[in-house]
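Step one of this worksheet: look at the structure below.
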């Protein structure tokens, strides 16, 4: 059984609308999602002792999400991740997007899908959010209708993304939750054991754009096919952290893409997806300046993201999986976050 309750979370400034919070609860999970950016604001899971902790970084109040902050819990789009120099060419026409991350465009631009109010509809086991992204929004061509659905099934949070376009446009939607399986507010994720089911990854340039090479993980720091303890691994390879796309097997079927185990609590997160990639990000840019829930501060490496996605800059790299959505087609991807105790 899943219960869904609905409440007011806060009011946007200047009468721009009311943000609602939807609480989804099963016997194993409790998830709070708000209509601003389809943002997951809390996710409570029990440890092996039966003690529940909130595992996602974020804020208790709406004001926290309206300030400059690193996409905590939000759905990002129209195109997640980076587009080189914020430009691409479609049918001979060049499009220029906002440059908001070094020389590149990141996560849909200045006012992406994370910074808008979505229209909610309550379901028996979850909530569906929808919005229409107008033609030309953030520089993207064509009107895009988008639906993001969150449902609970026991210990599993399921996120489905659908979209339809009035003209050809790149589309790449993901959720940008930052997890800490020890509980949000814990100082780091070094004691997390990480496995990523990928034989290849995308090396990046100094601005974090893929070079175009699809590199085997074999014999590199990116070989996470067997579990590694994150802190030791980063030390061993003298790494600042991960912020890389891992290339998954290229089918549209549901498959395991990553597993994270926290021995201290016994919590396990398994991520399954239909997407061709996952960005593994270890919170390298967190710096402890944001005040989170329950007085938490979020220093570097205090949370990790597993952003299931198409590959970054795919619109400019023809040998990457196709990222263009054409009129009459439907974009339809699903990601499963499965929580358990080991």
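First residue shown is number 1, and so on along the chain.
Yeah, the Cβs are placed from backbone N, Cα and C, and that goes for glycine too.
For reference, TrEMBL has these:
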| type | residues | note |
| --- | --- | --- |
| BINDING | 81, 82, 176, 177, 178, 243 | beta-D-galactose binding site |
| ACT_SITE | 176 | active site, proton donor |
| ACT_SITE | 307 | active site, proton acceptor |
Number of Cβ atoms other than its own within 10 Å, given for residue 178 (beta-D-galactose binding site): 26
Of 81, 82, 177, i.e. the binding-site residues, those within 10 Å of residue 307 (active site, proton acceptor) when Cα atoms are compared: 81, 177
